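Feature list (source: TrEMBL):
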{"type": "DOMAIN", "residues": "51-463", "note": "domain 'Major facilitator superfamily (MFS) profile'"}
{"type": "REGION", "residues": "20-41", "note": "region 'Disordered'"}
{"type": "TRANSMEM", "residues": "50-73", "note": "transmembrane segment"}
{"type": "TRANSMEM", "residues": "85-107", "note": "transmembrane segment"}
{"type": "TRANSMEM", "residues": "119-141", "note": "transmembrane segment"}
{"type": "TRANSMEM", "residues": "147-165", "note": "transmembrane segment"}
{"type": "TRANSMEM", "residues": "177-198", "note": "transmembrane segment"}
{"type": "TRANSMEM", "residues": "204-226", "note": "transmembrane segment"}
{"type": "TRANSMEM", "residues": "267-288", "note": "transmembrane segment"}
{"type": "TRANSMEM", "residues": "300-321", "note": "transmembrane segment"}
{"type": "TRANSMEM", "residues": "348-367", "note": "transmembrane segment"}
{"type": "TRANSMEM", "residues": "373-399", "note": "transmembrane segment"}
{"type": "TRANSMEM", "residues": "411-431", "note": "transmembrane segment"}
{"type": "TRANSMEM", "residues": "437-460", "note": "transmembrane segment"}
Amino acid sequence: MKMAESSSLQYNRGSLLNQSETSIESTGSTKPLIDSSNSSKDWTKRKNSLILFVVSFTLVLSPMSATIFYPAIVDIREYFQTTELMVDALAAVFTLFMGTAPLFWGSYSDTFGQRRKPYLIAIALSIFSSIVCFISPNFWLLMLARVLQACGAAAMQCLGAGVISDIYSTAERGRAYGIYFLVYNFGEIGGPIIGGYLTEYFGWRFIFLFLSIFGVILFIMIFFCLPETLHYQSTNLSTTLSQSSQERTRTKFNPLSSFKLLRHPNVLLIILYISSIWLTTVTDYIIIPRIYSSQYHVSSFVIGLIFLVPGVGFMIGSIIGGKYSDYIISKFTLNEEKEIYPEIRLKSVWFICILVPIAFLAYGWFLEMNSKIYWPLISIFIGSFGTLFIVSILSVYLVDSNQNNCASVIALSEFVPAFIGGLCQLISFPLQNALGVGWMFTLLVAINSLCSLLIIIVYLKGNYWRIKYNTINSISNISLNLI
């Protein structure tokens, strides 16, 4: 194809219909296309569906490891006789490492061309750390074990995103990611319910015993049901010229290499927006046990059930968001005169970007005014629906525009929101005391509303930025390899 030969950065109709992938952010490295004799994109629909089920079900471990803990916050604080701030720190540290670890896993996977091996290592780490959490005799060992648990569970999302990129074409990817994030939300929903039930009837330690058993099941599934999906093949002039030098140079593993993607304005701005929209969710998750137990006097199990509301919202939002973004893409492919490029997906989120801040603003003030419990629950459902509607679409956009580094860019999109969200969780208690719930959410909503402008900027300038950076990188790589 002409586009592939010239390393162009925009999609065309033929590339979508023929399911041939184009390097959007060329880095001069080999491209994750598989030769025709062993192409994961040539696998049968049934085989791809099985792989999608396996990686989606495995993804449940990631959100469940986080949310299963929240209903037990009050019990853990009382058991270890510690403060609200220390328990918030326990949650914040988990969130921070949940975002940091994917930088290692994503870079490892993309550098060495492996998905299956890091999956097995990460799940084994999660099993071990869950057992340590179960037997931990003091608060500090529990915190250390939670750090290790976060590092293991964090691998699921970026590795799964990489697998989906390996086996599905651009035109199919939105639907696949919709299903992927749908199953993700079973962890969001199931975690608090299971955690609340186990905490109330068996004690908080049993939530970690459950996670260790669940991890063993996932390890067996990955070991027997997931083939390696990532292989490499050179596809453009710069990579062809660099093959001989690459053969002489051992691949270097650098877990911080993902940060280089932040040099691309479209990646930086989209990740900043994702961070802003997650602020309200991570803050809400840390205050739900505190607010609802004190204002509405509910038990740990009922608190777990309350998490159902945002979880169902996330689930529905991910399904509709993925399908709607695919509809927008397919609508443009019908017009032969229109060029198809990744930013087209961003047209899917305009209305929802307005809806989400309104919903979370109402949520904060309903809690502040101690309204009937159903009013904040309705608001958080709408806000959660909008959040995953947007995030699922933006995640597909990041993969489409960074196909050579799909696992790394998803890891980066987890790290930045988790880092910012972890800091927000850490200060949520003093911030709530200083401002009140209503004004705290007003502040968070204001940040998200301002960041909505970033999506507009990427929609208008993203294609130009990719062409510019791809051209510079291609010329640079060709020059270096000719010397």
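Each residue, glycine too, has its Cβ placed from N, Cα and C.
Under 8 Å from some Cβ of the transmembrane segment (411-431) lie the Cβ atoms of residues 84-85, 88-89, 91-93, 95-96, 98-100, 102-103, 105-107, 154, 157-158, 258-259, 261-262, 267, 270-272, 274-275, 278-279, 281-283, 286-287, 290, 394-395, 398, 440, 444, all in the same chain and six or more residues away from its ends. The stretches the transmembrane segment (50-73) and the transmembrane segment (119-141) meet in space: the count of Cβ pairs below 8 angstroms, excluding pairs fewer than 6 apart in sequence, reaches at least three.
Taken together, the residues of the domain 'Major facilitator superfamily (MFS) profile' (51-463) have an average pLDDT of 85. In this chain, the transmembrane segment (147-165) lies in contact with the transmembrane segment (85-107); the count of Cβ pairs under 8 Å, excluding pairs fewer than 6 apart in sequence, is at least 3. Counting C-beta pairs under 8 angstroms (sequence separation of 6 or more), the transmembrane segment (437-460) fails to reach the transmembrane segment (300-321), with fewer than 3 such pairs.
Sequence-distant contacts of the transmembrane segment (147-165) (same chain, six or more residues past either end, CB-CB distance under 8 Å): 32, 51-52, 55-56, 58-59, 61-62, 65-66, 93-102, 104-106, 109-110, 115, 118-119, 121-130, 132-133, 173, 176-177, 180, 184, 211, 226, 229-230, 395, 399, 403, 406-408, 410-411, 414.
Counted over residue pairs separated by six or more positions, the transmembrane segment (267-288) shares fewer than 3 Cβ pairs under 8 angstroms with the transmembrane segment (177-198), which leaves the two as not touching.
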